[in-house]
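Asker: According to TrEMBL, the record shows the following:
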- 31-54: transmembrane segment (TRANSMEM)
- 90-111: transmembrane segment (TRANSMEM)
- 151-171: transmembrane segment (TRANSMEM)
- 177-197: transmembrane segment (TRANSMEM)
- 237-261: transmembrane segment (TRANSMEM)
Ligand code: FES
């Protein structure tokens with residue numbers, strides 16, 4: 001009888017050099033770290049500013065303050081009512097949604113790979129030895145908690161629906177009837193990007209077509225799964241585009257709300 005030899009223990013390649021790559025592999029990590037840091041600093045400042053988040057005349061509410069549920073929310077901005085008394089923005093006005101938005105992005109499969117590489121250099125890039133002595137992946141606390149991503153997806157779905165409501169409001173002019181301004185269009189582009197990011201999520205793909213043994217017995221789910229799979233291929237692009245549009249939308253509303261810029265109106 002032939003003896004089956006044991007598989008060799010998995011070891012890292014024993015080479016002296018950190019990597020044999022000659023291309024500028026470090027660039028990607030630096031760019032990602034810089035962009036994410038800028039975004040997080042900007043969002044943190046804005047979320048705690050407590051000003052210039054709503055344009056009452058055109059019903060523009062920045063996504064960073066949606067839904068606005070603090071007693072401090074200016075009249076017209078609290079679509080689902082105020083949940084806490086008026087206290088300064090030591091508690092963000094959208095405290096009900098921000099933890100879920102943050103959790104959804106932080107536990108996203110794409111962002112995980114991006115910030116593990118950019119900030120922890122674990123690994124720094126393909127075929128580059130990482131500086132850490134050991135590697136346990138996401139098998140231990142705290143990283144094992146990243147598995148809750150699928151639950152954040154459900155919450156993010158509700159939040160995207162609320163942002164959609166905000167966009168519908170942004171298509172009302174000063175007299176309450178239909179109206180379009182540059183802000184309405186920017187908000188619309190943002191919500192499309194946010195939906196694109198949400199629908200292209202790996203968890204969404206699994207929810208629609210995962211755990212099925214026979215696609216032929218579930219034609220509707222199979223069709224949805226094929227459409228989500230098409231979006232899923234572009235998840236990284238949606239991740240960055242939606243991050244950019246969120247920031248742009250907030251920045252634009254801040255300019256209009258503060259009086260620094262007048263919203264050009266196309267209609268009403
Ligand atoms: Fe990125 Fe779900 S995998 S949002």
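First residue shown is number 1, and so on along the chain.
Heads up, the Cβ atoms here are built off N, Cα and C, so glycines get one too.
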Asker: Restricting to the same chain and to residues at least six past its boundaries, which positions have a Cβ under 8 Å from a Cβ of the transmembrane segment (237-261)?
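Answerer: For the transmembrane segment (237-261), the far contacts come to 35, 39, 42-43, 46, 51-55, 58, 60-64, 105, 108, 110-111, 182-183, 186-187, 189-190, 193-194, 196-197, 200, 231.
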Asker: How about long-range neighbours of the transmembrane segment (151-171): same chain, 6 or more residues beyond its ends, C-beta under 8 Å?
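Answerer: Answer is 58-61, 63, 66-67, 79-80, 97, 100-101, 103-104, 107, 178-181, 183-184, 187-188, 190-191, 194-195, 198, 201, 203-204, 207.
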Asker: With a Cβ cut-off under 8 Å, give me the same-chain residues at least six positions beyond the ends of the transmembrane segment (90-111) that come close to it.
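Answerer: Counting only partners 6 or more residues beyond its ends, the transmembrane segment (90-111) has Cβ contacts under 8 Å with 47-48, 50, 53, 64-70, 72-73, 83-84, 145-146, 148-149, 152-153, 155-156, 159, 162, 201-202, 235-236, 239.
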